[in-house]
Amino acid sequence: MFYLRGCGRWVAASFTKQQFPLVRLSSDSAAPRTPHFDVIVIGGGHAGTEAATAAARCGSRTLLLTHRVDTIGQMSCNPSFGGIGKGHLMREVDALDGLCSRICDQSGVHYKVLNRRKGPAVWGLRAQIDRKLYKQNMQKEILNTPLLTVQEGAVEDLILTEPEPEHTGKCRVSGVVLVDGSTVYAESVILTTGTFLRGMIVIGLEMHPAGRLGDQPSIGLAQTLEKLGFVVGRLKTGTPPRIAKDSINFSILNKQTPDNPSVPFSFTNETVWIKPEDQLPCYLTYTNPRVDEIVLNNLHLNSHVKETTRGPRYCPSIESKVLRFPNRLHQVWLEPEGMDSDLIYPQGLSMTLPTELQEKMITCIRGLEKAKVIQPGYGVQYDYLDPRQITPSLETHLVQRLFFAGQINGTTGYEEAAAQGVIAGINASLRVSRKPPFVVSRTEGYIGVLIDDLTTLGTSEPYRMFTSRVEFRLSLRPDNADIRLTLRGYKDAGCVSQQRYERACWMKSSLEEGISVLKSIEFSSSKWKNLIPEVSISTSRSLPVRALDVLKYEEVDMDSLAKAVPEPLKKYTKCRELAERLKIEATYESVLFHQLQEIKGVQQDEALQLPKDIDYLTIRDVSLSHEVREKLHFSRPQTIGAASRIPGVTPAAIINLLRFVKTTQQRQAAMNESPKTDQCLRNADRLQERQL
């Protein structure tokens, strides 16, 4: 057992009432005992909270280590969850019994479904969240989770031991060293460090170490990871200034009201806590040429923009937007930070100009002429680890039982972090009990696409989820995430409660029964026209028309269909969610059949496992170029399907790999079957003797 670095410099760490005793005395000895857990989670952000609670739900004794307990659940940047693609992740996290979706439903102040003009497969569930309420509700949930201990403290180093021979990796993590020199041991460790790895905050030309405004960065842990051999990169992000609510002239701005009724994030909720009529509006304004002028004239005062470090492509700073898209007007959404908050978040105005120039720029914008900046915008630069160094279970290739989740893997956004956190927590727990990993494939969920993109393609800029990244988005909809993942989460991972599992089973059987009934009801087109006059069905059709086909029409829903045919359809309208999901299933029925065939083809590729111990650099049984060997050696794909998605791995290389896998499988099968074959021959000889 060894520490990677020395423990010569330590500072005192503060602890809360929720701490475990760092020294425990056994009944027969006065010697101190070191605390031991099944899983340790480092970091209390959106990935860390989901990872810790997921591991605890799976039955593991879990420790959540965070710099400060009072920052658990803090929304460091935007006061919102969800959006296009991100709303799908929220539903999938909820399907695995994650926290953030339920907490959002308790804390939302403005709900909106984006992409309503398009089909339900790409609807984006989104909500403005009360920062204070969200943090309170999350902390209450975390501090009352069974098997979960919360501890304040900073991790300085990892405790490493000899690797398990049956797994890849040059060593195994078995605990952590805190900044005060104390040690805590565990079977698995999850890093969810966010922007804290060598984090630097930037405002204008000023830079100072911080993982977040007011919080110290993690230096020692970053050095440990680098010395272990992990490929480390550098990314940056930013946040807008906060504006005093009473200094804004809302009367001249475009007002956006919330949806009524609100669509909850969680499958367990039919409604949200704050009623639509009590929710808050958002307001829209735009930048102008004066904003461009201030940005362009002061680039020399902005070190964050001059840095070569890559920032988020899909959430750029106002400086980046002006440079990339000159002479354009850019949207600025004025979003409330809470029911009782005096602050407004100007979405679209992330900036790192000097503080005095930030207020000067903001007062150039319509409606903000008298705006007061309460907190300046700032940028953050931080370390991340190339995600091609982790497996689809989020365990690292280099260090056994060490898992990464969140921004450490190069992603951006609360939802992407939460999704990784759930998977890391589940797999860290399964690793302790030596069970197979829980992997979501590209054909099963947006979470699968997210992790597959990271582990096979990597990223050189903050990764954001979009519906356009998903090949099978008609099948992977927000409405059916429970059918896709809850059943698996219960059976394969043990992370889902009995109540949620039973609800998902009921919904699945109700949908199957409802679709079967809708298929069985057939009338002529003229009769349907008489029953539902508003439907634009052609009366020239000679064949009978199923009720399921009638439900596909935009003007028809389950209520109108049940009025036309009360028996047996009336019972399917009693549950609003069931009625809406039957409508969606009918809408996509014809295209889903073809997509399911494509999914089966992909699943066949994913079923072809590559040997875990294969050495791509030296193996001679397969013809591969040097470049392909290096790419495969670095990414270490687990299946033929994953290998085919790595840039630079040619179709010819995939064919050669496929031949190698099949030959290996045949050899293994022959070795396994040879004793059975000999026994069969002996039995046949004896039978022939008896017959003679």
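The backbone N, Cα and C atoms fix where each Cβ goes, and this holds for glycine too.
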For the annotation region 'Disordered' in Swiss-Prot, which listed range does it cover: 237-260, 669-692? 669-692
Write down the one residue from SER218, SER341, SER475 that Swiss-Prot lists together with GLY43, GLY44, GLY45, HIS46, ALA47, GLY48, VAL155, GLN407 as binding FAD. SER218
Rounded to an integer, what is the Cα-Cα distance in Å between ALA47 (FAD binding site) and LYS508 (N6-methyllysine)? 29
Around GLY43 (FAD binding site), which residues of its chain at least 6 apart sit with Cβ under 8 Å of its Cβ? LEU65, THR66, LEU191, THR192, THR193, GLY194, PHE196, GLY406
For the FAD binding site, please report the maximum Cα-Cα distance among GLY43, GLY44, GLY45, HIS46, ALA47, GLY48, VAL155, SER218, GLN407 in Å. 18
Give the helix, strand or coil assignment DSSP yields for GLY45 (FAD binding site). coil
What is the one among the binding-site residues ALA47, VAL155 whose Cβ has the most other Cβ atoms less than or equal to 10 Å away? ALA47
The number of other Cβ atoms within 10 Å of the Cβ of GLN407 (FAD binding site), counted over all protein chains shown, is 30
Give me the non-local Cβ neighbours of LYS508 (N6-methyllysine): same chain, 6+ apart in sequence, Cβ-Cβ under 8 Å, ordered along the sequence. ILE483, LEU487
